[in-house]
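Q: TrEMBL lists these features:
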- 33-284: domain 'G-protein coupled receptors family 1 profile' (DOMAIN)
- 20-41: transmembrane segment (TRANSMEM)
- 53-74: transmembrane segment (TRANSMEM)
- 94-112: transmembrane segment (TRANSMEM)
- 133-155: transmembrane segment (TRANSMEM)
- 189-213: transmembrane segment (TRANSMEM)
- 234-254: transmembrane segment (TRANSMEM)
- 266-286: transmembrane segment (TRANSMEM)
Amino acid sequence: MTTFLLAGNPGLEADGPWISIPFCSMYLIAILGNSLILFVIKTQQNLHQPMYLFLSMLSVTDLGLSVSTLPTILSVFMFNTREIGVDVCLTQLFFIHTFSIMESSVLLAMAFDRFVAIRHPLRYASTLTSARIGHIGLAIIIRGSGLHIPAVILLKRLRYSKIQPLSYSYCLHPDVMKMACADTTPSSFYGLFIVLSSLGLDSVLIVLSYIMIFKTVQSITSWQERLKALNTCVSHICATLLFYTPLISLSMIHRFEKKALPQSQILLSYLHLLLPPVLNPIVYSIKNKEIHKRIMKIFQNYSTNRLQWEH
């Protein structure tokens, strides 16, 4: 029976329990932060608007990414448990890549939301109806999962040696594919197709959306109105940069830096999967006045109730 060996940080294996502390903290912040965003949007009727519905989708994908990577990362750093079966590895691989594609798709949908809001404000409500947003959400799920079912099937059909060491503390498509003792050309080409048709296409469309947004903003005569329009895009721009910057950097290292230190690749991989779930709720709770106000009200009510209970 084939078994994969998960990797930690090279040279820091003895410090695994200490390294697990910041990882646990980041996962806790990610889960609590995104759950709080979802709770606020669900309970506040006035936040059932397109922008906040897309934000709730982003929080769901961030939670999915966190939950997909959490078990194996903690098992490696806290318990030094490195063995993982092929089926479990492929299942984790499927969910990690599916939620990554879903996050990219949600960011594209949010870019479209900002484009419509700024370019066609009078048609905003009629364009992004609740039914259309529901269809967009369903399309995002089908696209993310549908693209990776064939990828998992192709990997499952490959032959592997009995024990294979992986490069990360979780399973990724290129890493698992390298472990095969057979021709991986179909799997490799299909993996390239997934990247180009999802992450590649989404990033290009997001850039085009913002080019059109900036052109529209330039046509506004009032500087105050320009700043007001651009301010609504700041949170989304931050979320997009948090998602794509580590991903692009990792791709560049794989493509051009053949002698790059493994620590740099591992660090960028962690940043790509951990930073967005941790920082997206913080960015939106700070930059979005409605979210910020509702969260502060929750904490104030909690503090008041606690004081009353103590007295």
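Residue numbers in this text run from 1 along the chain shown.
Just so you know, glycine gets a Cβ as well, placed from its N, Cα and C.
Are these features on the surface or tucked inside, and what are their neighbours?
A: For the transmembrane segment (53-74), the list of distant contacts is 6, 20, 23-24, 27, 30-31, 34-35, 37-38, 41-42, 84, 92, 95-96, 98-100, 102-103, 106-107, 109-110, 113, 130, 133, 137, 140, 169-171, 239, 273-274, 276-277, 280-281, 284, 288, 291: same-chain residues at least six beyond its ends, Cβ to Cβ under 8 Å.
Nonlocal intrachain contacts for the transmembrane segment (94-112), taken as residues 6+ away from its ends with a CB within less than 8 angstroms of a stretch CB, comprise 51, 54-55, 57-58, 61-62, 64-65, 68-69, 136, 139-141, 143-145, 147-149, 151-152, 170-173, 194, 198-199, 202-203, 205-206, 209-210, 236, 239-240, 243, 273, 276.
Remote same-chain residues near the transmembrane segment (133-155) are listed as 50, 53-54, 57, 90, 93-94, 97-99, 101-102, 105-106, 109, 173, 176-177, 180, 186-187, 190-191, 194, 197-198 (criterion: CB distance under 8 Å, separation of at least six residues from the stretch ends).
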Q: Between the transmembrane segment (20-41) and the transmembrane segment (266-286), are there three or more C-beta pairs closer than 8 Å, counting only pairs 6 or more apart along the chain?
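A: Contact confirmed: at least 3 Cβ pairs fall under 8 Å.
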Q: State the mean pLDDT for the domain 'G-protein coupled receptors family 1 profile' (33-284).
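A: In the predicted model, the domain 'G-protein coupled receptors family 1 profile' (33-284) has a mean pLDDT of 90.
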Q: Using a Cβ-Cβ cut-off of under 8 Å, list the residues of the same chain that are 6+ residues beyond the ends of the transmembrane segment (234-254) and lie near it.
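A: Cβ under 8 Å, 6 or more out: 58, 103-104, 107, 110-111, 114, 174, 199, 203, 206, 210, 260, 264-265, 268-269, 271-272, 275-276, 279-280, 283-284, 287-288.
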